[in-house]
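A.B. asks: Below is the structure I would like to discuss, written out as structure tokens.
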Amino acid sequence: MRKKMVAGNWKMYGNLLENKQLLAALVAELNGVREDVIVVCVPYVYLPSTQNELQNTTIAWGAQNVSQYEKGAYTGEISASMLSDFQCKYVIVGHSERRMLFGEDNDVVAEKYVAAQRAGITPILCVGETLEQREAKITEQVIEQQLMSVINVAGIESLSKAVIAYEPVWAIGTGKTASPEQAQEVHAFIRAGVAKQNLGVANQLIILYGGSVKANNAPQLFAMPDIDGGLIGGASLIASEFITICRASRH
Ligand SMILES: O=C[C@H](O)COP(=O)(O)O
């Protein structure tokens, strides 16, 4: 039986005071009451305060990006070992906003994935197609390419220390969620692709769905056999929504 996981991606929102209130609410409602994995991925600068609020709780924290380089003259970049200094357990790599707005291609994403694992951090690898690609019926090719560029570099076994998040770009922040059936179809495709190479890894692989997940649609999505939880954007900033979504991951 795979674990369920709900990860919040705060993106570039929040401030010290709001974060403190949000985290206090999550701790009050979720700490110690679940055996599933709950994570918040916060902006870099809030890692120390988040660590402070969440240490000694069952809620984990992570970052939203990481440099592919270990160290060097890379102004403005943050390395995986720096994230480790703040006990980050997870880092999102290849989010579509990074791919589209900051020019990260499949090769860079693969390097970031490797850099995270080298530092003992679990990458949450995001994959997903645009609306144009879906309409052109190349969703599976796009996802396969995104996955294979990582597997070719890091090996199939590396997925036993990773999480995949399927996030159709057309569903992110748009209020347009993939239907549970649409999402399940892609999740099953991903798992079957991994299973062809390593059945054991495929069976244990956590595959999250992301894209306009809210308290009211999470139960239907999380009930699908290959959807192991969610990567939540906007709704992760609202305590009551996020708590309800976390509770929905248990069924
Ligand atoms: O990482 C999270 C996704 O981009 C989903 O964002 P959203 O829940 O605001 O649509």
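Using the three backbone atoms N, Cα and C, a Cβ is placed for every residue, glycine included.
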A.B. asks: Need one residue: from Gly62, Gly72, Gly155, Gly173, the one TrEMBL lists with Asn9, Trp10, Lys11, Ser212, Gly233, Gly234 for substrate.
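C.D. replies: It is Gly173, as the record lists it for that site.
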A.B. asks: If you skip the near sequence neighbours and keep only those at least six away, which residues in the chain come within under 8 angstroms of Trp10 (substrate binding site), Cβ to Cβ?
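C.D. replies: Residues satisfying the criterion: Asn19, Val40, Cys41, Val42, Pro43, Gln64, Ser236, Leu237.
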A.B. asks: Among the binding-site residues listed here, Asn9, Ser212, which has the most company in the form of other Cβ atoms within 10 Å of its Cβ?
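C.D. replies: The most densely surrounded of these binding-site residues is Asn9.
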A.B. asks: State the Cα to Cα distance, in Å, between His95 (active site, electrophile) and Lys11 (substrate binding site), rounded to an integer.
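C.D. replies: Distance (Cα to Cα, whole Å): 10 Å.
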A.B. asks: Is any of Asn9, Trp10, Gly173, Ser212, Gly233 (binding-site residues) within Cβ reach of ligand 1, i.e. under 6 A, and which?
C.D. replies: Asn9, Gly173, Ser212, Gly233
A.B. asks: Cα distance, Glu167 (active site, proton acceptor) to Lys11 (substrate binding site), nearest Å?
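C.D. replies: Approximately 15 Å lies between the Cα of Lys11 (substrate binding site) and that of Glu167 (active site, proton acceptor).
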